[in-house]
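Encoded as structure tokens, the structure appears first; notes follow it.
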Amino acid sequence: MANVKNFLTLFIEYLQIEKNYSKYTIVGYISSIEDFERFLHVQGIKGFEDVTYPDVRIFLTEAHEKGLTRRTISKKISALRSFYKFLLREKLVKENPFLLVSLPKQDKRIPKFLYEKELEELFEVSDLSTPLGQRNQALLEFLYATGMRVSELCSLKESDLDLFLDTVLVHGKGRKQRYIPFGSFAREALDLYLQNGRRILLLKAKEPCPFIFLNQRGGPLTPRGVRYILGELVKKTSGTLHIHPHMLRHTFATHLLNEGADLRSVQELLGHSNLSSTQVYTHVSKDMLRKTYMSHHPRAHKGK
């Protein structure tokens with residue numbers, strides 16, 4: 001297919017420089033485009049500029065028949081729609097065949113979150129006498145205290161911290177920045193790590209690393225590394241938890257709203273562009289639901 005590499009190179013530069021997307025978002029976009037490129041090759045379509053709306057429908061039908069989830073298909077549509085919007089802007093194609101495609105309706109699922117007792121146990125398993133244990137504790141406390149995305153956590157530098165006001169400057173999606181405060185537990189864990197564990201880890205580095213959270217070799221910690229660390233910490237707990245890093249973000253939002261925080265403030269803290277993205281967290285935990293019921297229903301208690 002002609003000019004594919006040129007198209008992709010230009011698009012990647014656009015995502016990096018103009019949109020300021022993370023490398024993980026860009027990898028997802030490129031994967032969707034390459035998947036579409038393979039489809040075009042099988043269909044005998046010569047180039048991106050030759051794609052029509054019926055071709056897009058066939059592609060999406062095949063994706064559905066392969067068993068891809070609505071969420072995955074939506075991501076592919078979003079990536080390809082953005083790609084064609086870019087190509088159209090650069091006058092490399094004459095139309096965007098994905099404009100007429102609507103995103104599949106998503107199943108409304110309540111985000112999984114941790115209860116406070118589960119969190120407390122997780123906070124007790126790190127060995128604070130070791131550099132890695134200090135890092136793990138700071139990582140856990142910071143994810144829960146700020147609700148930031150793992151990619152945002154991994155990109156934090158010391159210059160982003162304001163230890164006088166206990167706030168952190170987070171560099172979010174699309175060049176958007178926001179300040180998030182953090183509490184005394186996160187501050188204590190962070191101080192221990194910065195003053196001890198991180199300094200020891202830096203001694204193992206081949207070159208100075210500006211990022212706050214480091215791997216065991218003194219290099220920058222990756223989101224994949226965070227997932228591994230969480231998995232190892234969970235193994236040390238007594239329960240059968242299955243935790244992914246984003247669950248701590250879900251937990252952050254759920255706990256704030258359950259304790260009375262207003263939706264707009266939580267939206268700001270999470271860095272959501274749309275309030276609808278935050279509203280998914282307005283579910284009520286089963287414990288709170290039961291307490292409310294038992295406190296207010298006239299026939300909740302016999303003999304009242």
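Here the Cβ of each residue, glycine as well, is placed from N, Cα and C on the backbone.
Swiss-Prot has this to say about the protein:
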- 2-88: domain 'Core-binding (CB)' (DOMAIN)
- 109-294: domain 'Tyr recombinase' (DOMAIN)
- Arg149: active site (ACT_SITE)
- Lys173: active site (ACT_SITE)
- His246: active site (ACT_SITE)
- Arg249: active site (ACT_SITE)
- His272: active site (ACT_SITE)
- Tyr281: active site, O-(3'-phospho-DNA)-tyrosine intermediate (ACT_SITE)
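Features as recorded by Swiss-Prot, highlighted on the structure.
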residue: Arg149; record: active site; DSSP class: coil
residue: Lys173; record: active site; DSSP class: helix
residue: His246; record: active site; DSSP class: helix
residue: His272; record: active site; DSSP class: coil
residue: Tyr281; record: active site, O-(3'-phospho-DNA)-tyrosine intermediate; DSSP class: coil
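Rounded to the nearest whole angstrom, the C-alpha distance between Arg149 (active site) and His246 (active site) is 7. In sequence order, Leu143, Gly147, Met148, Arg149, Leu270 are the residues near Arg249 (active site), counting only same-chain partners six or more apart with C-beta under 8 A. Mapped onto DSSP helix, strand and coil, the domain 'Core-binding (CB)' (2-88) counts 71 helix, 0 strand, 16 coil. When the active-site residues Lys173, His246, Tyr281 are compared by Cα distance to His272 (active site), the shortest distance belongs to Lys173. Local packing around the Cβ, expressed as the count of other Cβ atoms within 10 angstroms, is greatest for Arg149 among the active-site residues Arg149, Lys173. In the structure shown, the C-beta of His272 has more C-beta neighbours within 10 angstroms than that of any other entry among the active-site residues His246, His272. Tyr281 (active site, O-(3'-phospho-DNA)-tyrosine intermediate): 25 other CB atoms within 10 A of its CB, across all protein chains. Of the recorded residues, Tyr281 (active site, O-(3'-phospho-DNA)-tyrosine intermediate) and Lys173 (active site) place their C-alpha atoms 20 Å from one another.
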